[in-house]
C-alpha cells in the first residue's frame, strides 16, 4: 500500500485542497478536534465553509439567552396541567420522575451535539473558518517538514490528519486497517441541498429512507404541538369576554395575532419574549396559589398522607407521564437553537441551565399547588384554571396563558 503523506495547500483554485485538517488538542479546549480547513474542490469555487460575516446575523444568542429560550420551549400552556399530573402520579413520582426526564433530555441533547463530530465538516451547518494565505506573500505550498514543526509546537503525538482521498487516519497505529474501510459519507454521498442539520445527521446515520422517516416524524410532531396549543388557546379564550362564541373564529383570530410574533429574525430576539412568557407563567401561578391560600389556608400541608405520595394505578402513571413528556421537548429543536448561538459548543451548558430552571419550576408548581388545593379538591381532574371562580384576575390569567 502506498504510504499517504500529509499535504496542505495554500494557493489558487487550480490546486486541490485538503479535506479536513484536525488537531486533537485534548481535554479542556471545549472540543477535542479543531477544524482548520475544510475546503475541498478543483477550483469551482464551492467552499465548504460559511463565512463568519454571512452567519453573524444568525449567531447572536449568548448562553443565558439560549437557556431562556430552552426553558420557554418547555414551559407553556402545558404547565397548567402539572397539578393534575402530580395528583395522578403522587408527590414522589412527580419529583423523582421530573428529575429523570430532565436528565434524559440533557443526555439526548448532548448526544445530538456529539453527532456533529461524526459527519463531514462541509455538511455541518456550524461554520468553520477558512485558512487564508498570508498577506503580501505569494501563494506557496507548505512542506511536510514545516508542517511537522507546527504540529510539534502544539502536540505532535496527538495529531490527526484526515484526508478525503485516502479515507485514512495518518499517524494512527491502525492507519492501514482504517484505510481499507472508506468513511460512510464517501460511500453514501452528501444529503440533498437545503437539508437541515438534524436531517444531515439522520442521513449519515440511517440513509435516505431514514431521512424521509425523520421528516415525517418531525412534521407529525410539530402539527400535533400546534393542534394541542390551539385547543388550549380556544379553551382559555372561551372563558373570557374576548370570545367570539365560535371555537373556529377564536382559533382564527388568535392565530392571526400570534403568527406574526412567531416570525422572529433570530433566537436572541426571541429570548426577550421567552423571559416575558416565563414571567407570565409565574404570575399566573402566583394568582392560583393566592386563591388556594385564601380559600384553604395552609391546611393542605396537614392532609398529606401516604396515598398522596404514590399513584393509584398504572393509568394514573400514564396520565402523569403524558403531561410531563409534553412539558419537555428540547431535542427536536436542539440544532436550531444551537445554530443561533455565538458559541455553539456551549449548547449542552445552556441546556443544563435552562432545564434546571424548568425542573425547579415544575416541581414547585406541581407539588405546592396540588397540596394547597387538597382540602377542596382531593384529585385535580383538569387544568388548574378550571377550578378557580370566575373573576377579573382569573380572566387576566387566562389571557396571559393564551399568549405564552
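Using N, Cα and C of the backbone, Cβ positions are placed for all residues, glycine too.
Note that the coordinates shown come from a computational prediction; the quantities given were computed from them, not determined experimentally.
As annotated by TrEMBL, domain 'Amino acid transporter transmembrane' applies to 60-120 (among others).
Positions annotated as domain 'Amino acid transporter transmembrane' by TrEMBL: 194-402 (among others).
Below 8 angstroms of C-beta separation, residues 76-77, 191, 195, 198-199, 202-203, 326, 329, 332 of the same chain, each at least six residues beyond the ends of the transmembrane segment (210-229), sit close to that stretch. The feature transmembrane segment is assigned by TrEMBL to 210-229 (among others).
According to TrEMBL, the transmembrane segment annotation covers 235-261 (among others).
Long-range Cβ contacts of the transmembrane segment (273-294) within its own chain (Cβ-Cβ under 8 Å, at least 6 residues beyond either end) map to 68-69, 71-72, 75-76, 79-80, 261, 264, 300, 357, 361, 365, 368-369, 372-373, 384-385, 388-389, 393-394, 396-397, 400-401, 403-404. The feature transmembrane segment is assigned by TrEMBL to 273-294 (among others).
Annotation source TrEMBL lists transmembrane segment at 314-337 (among others). Cβ atoms under 8 Å from those of the transmembrane segment (314-337) belong to residues 61, 66, 69-70, 73-75, 78-79, 81-82, 84-86, 88-89, 93-94, 97-98, 101-102, 105, 108-109, 112-113, 125, 196-198, 201, 218, 221-222, 225, 228, 267, 347, 350-351, 354-355, 358, 362 of the same chain, restricted to positions at least 6 beyond its ends.
The transmembrane segment annotation in TrEMBL covers 353-372 (among others). Counting residues 6+ beyond its ends, the transmembrane segment (353-372) has Cβ neighbours under 8 Å at 63-64, 66-71, 74-75, 79, 82-83, 85-87, 91, 94-95, 98-99, 102, 105-106, 278, 281-282, 285, 288-289, 292-293, 296, 298, 300-301, 303-304, 308, 324, 327-328, 330, 380, 384 in the same chain.
Panel annotation: around the transmembrane segment (235-261), residues 77, 273, 383, 385, 390, 394-395, 398-399, 401-403 of the same chain, lying at least six beyond its termini, place a Cβ under 8 Å from a Cβ of the stretch. Secondary structure by DSSP for the domain 'Amino acid transporter transmembrane' (60-120): 53 helix, 1 strand, 7 coil.
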